[in-house]
Amino acid sequence: MDLGFLLQALIPSWNSVTVLVIFFAYLAVAGSILPGKLVPGVTLQDGSRLHYRCNGLLALVLLVGLLGVGSKMNFLSPTVISDRGLELLSTTFIFSFLTMVVLYAAGCRSCSKGSSLKPHITGNLIHDWWYGIQLNPQFMGIDLKFFFVRAGMMGWLLINLSVLAKSVQDGSLSQSMILYQLFCVLYILDYFVHEEYMTSTWDIIAERLGFMLVFGDLVWIPFTFSIQGWWLLNNKVELTTAAAVANCFVFLIGYLVFRGANKQKHIFKQNPKALIWGKPPKVIGGKLLASGYWGIARHSNYLGDLLLALSFSLPCGISSPIPYFYPIYLFILLVWRERRDEGRCAEKYKDIWAEYCRLVPWRIFPFLY
């Protein structure tokens with residue numbers, strides 16, 4: 001691609017701004033008014049608990065339905081996102097940057113003593129900017145951390161659907177594109193079916209909202225997780241039947257490990273006596289689950305996530321490393337995150353964590369790492 005054309009395509013337009021504003025406005029309104037299960041978050045250090053309205057699945061289905069009707073009635077083009085992908089990328093990046101400016105300024109000025117809004121300022125500008133100052137900042141009653149991750153997951157699906165529409169329009173729809181789209185749709189729908197599990201993840205309960213999460217949710221998730229779809233638009237891949245079946249098995253195993261591990265952890269936090277694989281759970285020090293997937297590896301959910309990421313790229317064949325950017329990046333990220341998790345858990349649980357590591361020696365990959 002010509003560099004001049006690339007730079008020109010990255011320049012935001014009012015159309016891309018309008019698309020982004022409408023998307024965020026819809027999510028804000030739908031998230032506030034649509035019915036959904038009200039899920040209490042974990043108890044914070046000051047004894048307070050946030051509550052999350054988990055209506056993401058309904059909001060997503062309604063949004064896709066509205067877009068489908070709008071496309072049918074020629075109010076909008078189904079390829080509006082794929083036609084303006086680079087514009088939307090740069091626009092979303094600028095929005096993320098400006099959002100972090102506001103969050104940083106608001107955090108520095110906050111006088112709150114509560115766990116959610118109490119500022120944590122180290123004095124290191126880069127550290128505070130990257131990791132954030134406040135745990136759960138809100139805007140007009142909307143928990144921004146929960147809102148942004150929802151926006152990222154929905155944005156990923158909308159990009160994929162627009163890429164799919166573009167491939168149909170161009171007559172380039174292939175088995176590889178169908179497999180990639182199917183795996184992603186199943187993964188994203190499953191995320192929203194089990195959206196309440198997100199409320200007990202480390203990002204929600206412990207990470208402050210800094211540029212790392214804002215950029216990660218709004219830019220990184222939708223625009224890099226969809227690289228395979230963009231690549232398949234311009235590259236035809238013919239898969240053998242055996243390769244397609246093997247790809248399906250990788251996705252299925254990854255899904256079972258990823259969803260099973262997260263579900264076990266969530267249920268354990270809700271009810272520490274709930275059965276795991278039909279047996280009473282083995283608990284270390286009354287706090288750490290060492291049964292089920294969590295008795296196989298200390299971060300078995302990461303293994304499932306990596307297998308899923310690989311399954312999204314395998315439909316692209318092995319002729320180029322570009323479609324494998326996501327699983328390669330995710331591998332690096334999760335190993336880095338696992339190291340951070342290990343350090344924090346060792347500091348928090350001390351002897352209990354040491355006992356858990358002795359009982360479950362494998363970090364992510366059983367018998368390998």
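One is the number of the first residue shown, and numbering goes on along the chain from there.
Note: Cβ is positioned from N, Cα and C throughout, glycine not excepted.
Predicted, not measured: the structure shown is a model, and the values here were computed from it.
As given in TrEMBL:
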type	residues	note
TRANSMEM	50-68	transmembrane segment
TRANSMEM	88-106	transmembrane segment
TRANSMEM	147-165	transmembrane segment
TRANSMEM	177-193	transmembrane segment
TRANSMEM	213-233	transmembrane segment
TRANSMEM	239-258	transmembrane segment
(Q) Is it true that the transmembrane segment (88-106) and the transmembrane segment (177-193) have 3 or more CB pairs under 8 Å, sequence gap of 6 or more? (A) no
**Q.** Dominant neighbour of the transmembrane segment (147-165) in 177-193, 213-233, 239-258, by Cβ pairs under 8 Å
**A.** 213-233
Q. Going along the chain, which residues at least six beyond the ends of the transmembrane segment (239-258) come within the CB cut-off of under 8 Å?
A. 175-176, 179, 183, 186-187, 190, 293, 300-301, 303-311, 314-315, 317
Q) List, by number or range, the same-chain residues at least 6 past the transmembrane segment (177-193) whose CB is under 8 A from its CB atoms? A) 56-57, 60, 153-154, 156-157, 160-161, 164, 167, 225-226, 228-229, 232, 239, 244, 247-248, 251, 255, 259, 308, 311-312, 315-316
